[in-house]
Structures are given as C-alpha cells and as structure tokens.
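S.K.: After the structure tokens below, expect a handful of questions from me.
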Amino acid sequence: MATSLLRIPPPQGLLRPLAVPERLLLGPGPSNVPPRILAAGSRQLLGHMHPEVLQVMDEIKAGIQYAFQTQNRLTLAISGTGHCAMEAALLNLLEHGDPAMVAVNGIWGQRAADIARRLGADVHELLKPPGEYFTLWDVEEGLVRHKPLVLFITHGESSTGVLQPLEGLGELCHRHGCLLLVDAVASLGGAPIFMDQQEIDVLYSGSQKVLNAPPGSAPISFSERAREKMLRRKTQPPSFYLDMGWLANYWGCDGEARRYHHTAPINSFFSLREGLAMLAELGLENSWERHRANCAQLCQGLRDLGLELFVKEEKARLPTITAVSVPEGYDWKEITAFLMDNHSIEIAGGLGPSVGKVLRIGLMGCNSTSSNVDSVLRALQDALRRCRRSRL
Ligand code: PMP
C-alpha cells in the first residue's frame, strides 16, 4: 500500500454539518437577513461580465442613488465591507502630504485617522468626547486652523449611538476649499441623508445594517468635486483593487466599454440588489419614520427600566443604534451573555472609547419592529433581575 504523503488530516470540524443557530441580531450589525434577500443570495452563479450581472449592477447603482439621494454618475458598490469603502474613499481622495481633518467622537473617526496616516496624509484630529457631536462652529474652527483638503465625519457613530447633524456642513467645507467625506454605514436608510442637497462629496455605507443584506458589499458615491480632485492626482492610488478609475469603468460609470477588473462577489450583489429593492419599495421616508418610531419606543422602555441613555440630547440619538449606560452594579459582559444564552438575542457592549461604558441595541431595517423592541426590553428586564442576583 502506498504511504500517504499527507501530514495534515482532514479537519474534524469540517466533517460535521455546518452549524448556524437561530438568533435575533439586535446588536450594532449585522442585522438579520429576511428570506427574500437570503433567497437572492443563494441563486445560481452567473459570470461577472454577463449582461444580466451588469444589469444587476446598474440596478444597484440606481438603488444607491436613491438611498443616497444623489445624481452622481460615480456611484457603485465596493466588493468589501464598510471598512473597505472607508479605505477606498480615503486612498482615492488623499495623496501623500495632503492635509486632512478627521472628526473623532468615537471609533470610526479613530479608524479613519489611522487609515489616512498610513496613506501619508497630514492628519489633524478634531476631538469631541464620546456621546457628543460636532457643531458647525467646531468644524469651522478646524477648517480655518488646519486648512484641510478633506474632512471625514461619521453620520451614525455606532460606537456611541450619536447622530451627527449634517445640515450646512458641505457648504461650510466648500467655502473653505475642503471636500466633505461622510461615513453612513450605520445610518443609511435609518436617518435622513441627502447627498446632493447637503453637498456631501463622498458618501459610503454598508450592506449589513438597514439594508439587511449579508456583509461584503458597500455602497459608495463621489461628487463631481471629488472626481476632479481624483483626476488631479499626481500619483496613482496606492491600491489596485480599490482604484476608483478601474472600478468606475467596471461599474459602467465612465462611458467606456466595461473591462474585467476583479471577479465581483456576484451573489453578494444579488443580495444587495434585493436589500436596495426592499428599501425602494418601502420608501425612504417610511423607513426613516419606522426607525424613528421604534427607537423612540425603545428609549422610553429603557428609561422605564431605570436605565440611562448615553446620548443626552434626543435629536442627537441615532435611530438605528441606541447606547445605554451600563447600570451601576452590573457587568456588561454578563448582561450580553445572559441575553444570548437565555433569549437568543444579540446586543453588544461598547466599542473603542465606549467599551465598558455602554450597551448597544440595534434596530435596523426589518429588525426595526415594535415586537423586537418588546422582546429586547423583556430580555433586559430579566437580565437586570437575574444578573444582579448572581452578583450578591
Ligand atoms: N462605520 C460605521 C459607522 C460602522 O458602524 C461600521 C460597522 N460597525 C463600519 C464603519 C465598518 O463596517 P464593516 O464592519 O462592515 O467593515
């Protein structure tokens, strides 16, 4: 008998069936995927240059233009998660030595500043404590002092539950010769945003929050001003995969024949298309109202349980993700574990600067329902009784 050359046996875990329990995902994302989107993602593959796939990509582009409220030609989905869109935005906009200003009031500003520094940009951080937002005055002061070419700011700060007001920000940036880059991964579809009217130059989001698709594709759009800055680059973007020139061509945004750039995650695009279709069918205004109403019900219920909302000003609360202070005498890890083990509900602790300070509850897209609010409040009430007892 021939001696096998294999030194590594087949892994035991892979010889067992895939295990995926049922859970209600009420953390800051991903959110549950409804059957229609699951079905779309499990359709048979087509080739990435087949006309039917290019047609789906065109429909995604139109869906993003609707969700973003933009007519920008350079609108597409990145083959990657929200971080990938963040990198794509920054690495296409910024060149070595470019002054950039990053509004940091939670983890997303911290990450954007990290990425911008890796690109060799001259990064200035505009700081606010977690739980607070930036005023036009804060931003103007920074623009005058640092003269950045790009300002990064987060619309839905999911690590702290803050909704950043955007009114007037684009106009202000443009008066100071700066482009406005906005992260709307956690807020798109859950809170109003108007890319063109608010003069946002680059806007990106993710698939796995309000759009209820699996993670792995990320809507993004660039204004004419942003496109012009990219055209003026002296150096090529430092990533081939995320080079907007190539992606614009593959997505049919440059008027030229489409060329192969990478093999698109076709099934992710099918799912994203359905997520955008469901948003289009519901209508943005209905979606915003649904998130507002369920968030208001949740906030009231949390207060009724004696819990304290982390974001004090009501208008600054993100309708998709609510942060509540960890109550005195409890360990946040025990509470999240209790909900998972006893109620099959995921909620999350803090992230970055909010670790140990908050619990975060997400109600996004199809998960934003009154009955889910009731379920999570009941589970929390149970946890508040049981987790305290276990500590005495
Ligand atoms: N920005 C914000 C505001 C987010 O909430 C997230 C995800 N939690 C990201 C960026 C990063 O997205 P992803 O995890 O899909 O890479």
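Backbone N, Cα and C define each Cβ position, glycine as well.
Reproduced below are the annotations present in TrEMBL:
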DOMAIN    37-375  domain 'Aminotransferase class V'
MOD_RES   Lys209  N6-(pyridoxal phosphate)lysine
BINDING   Arg360  substrate binding site
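On this model, are these features tucked inside or out on the surface, and what's nearby?
M.R.: Lys209 (N6-(pyridoxal phosphate)lysine) carries neither a helix nor a strand DSSP state and counts as coil.
Long-range neighbours of Arg360 (substrate binding site) (same chain, six or more residues apart, CB within less than 8 Å of its CB): Gly27, Pro28, Ser158, Ser159, Gly161, Ile321, Thr322, Ala323, Val324, Ile347, Ala348, Gly349, Gly350, Leu351, Ser354. Annotation note: Arg360 (substrate binding site) sits in a strand segment as assigned by DSSP.
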S.K.: Let me check the 10 A CB neighbour count of Lys209 (N6-(pyridoxal phosphate)lysine). How many other CB atoms are there?
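M.R.: The Cβ of Lys209 (N6-(pyridoxal phosphate)lysine) has 30 Cβ neighbours within 10 Å.
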S.K.: Per-residue pLDDT averaged over the domain 'Aminotransferase class V' (37-375) comes to what?
M.R.: 98
